Amino acid sequence: MSVPPSDTPKRPTQAEAEQAVRTLLRWAGDNPDREGLHDTPARVARAYTEFFCGYEIDPAALLRRTFSEVEGYDEIVLLRDIRFESHCEHHLAPIIGRAHVAYLPRQRVVGISKLARVVDAYAKRLQIQERLTAQIANTINDELEPHGVAVIIESAHECMTTRGVHKPGVSMVTSTMLGVFRENSDTRRELMAMLNRPAISEY
Ligand SMILES: [Zn+2]
């Protein structure tokens, strides 16, 4: 599970972060004092604020407001093709992908944009894809207590395309199935059929 910001060591100052970037620029073999790199440490610090803003967000809190007037709707709710950007915790390299998030409500539903926000709250942290997938599913399961949750993520890891084994075009797929999606093969099949339908832009 994620470590809340209060349990992490004291946050360095922006000046300390910029100094660390200068060190990395020198490590790369360049001169941080040349004109083109002059503002780079400040820009990188700002970029990090954006890349890792998920640490400031409580994903569970995003799901507290639910709606119960659903006229007896008791079928799968699926939000698919949620694009996300994350960073791998081993190389700080980007992970770019799509998440498909489904749940089978038990009376209460949540605004669909909230599901996308939960994806972002966990993606905007240092991650491995397996944990990202499980965290999204477990948070929805704990907060909404639905009959089941399914999260499927497919993504490209730049640490595999631009370094190491250098294998572009490889995608990694992970899934977490909870409740009926794990136990009931009919429900799982129905989900797969929904996922395989053409995207809305193709209608
Ligand atoms: Zn990596």
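Cβ coordinates come from backbone N, Cα and C, glycine included.
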Next item on the list: For the Zn(2+) site that TrEMBL lists with CYS88, HIS91, give the additional residue from the candidates CYS53, CYS159.
Entry: CYS159
Next item on the list: List the same-chain residues at least 6 positions away in sequence whose Cβ sits under 8 Å from the Cβ of CYS159 (Zn(2+) binding site), in sequence order, or say none.
Entry: CYS88, HIS90, HIS91, ALA93
Checklist line | Cβ-based isolation winner (fewest other Cβ atoms within 10 Å) among the binding-site residues CYS88, HIS91 | finding: HIS91
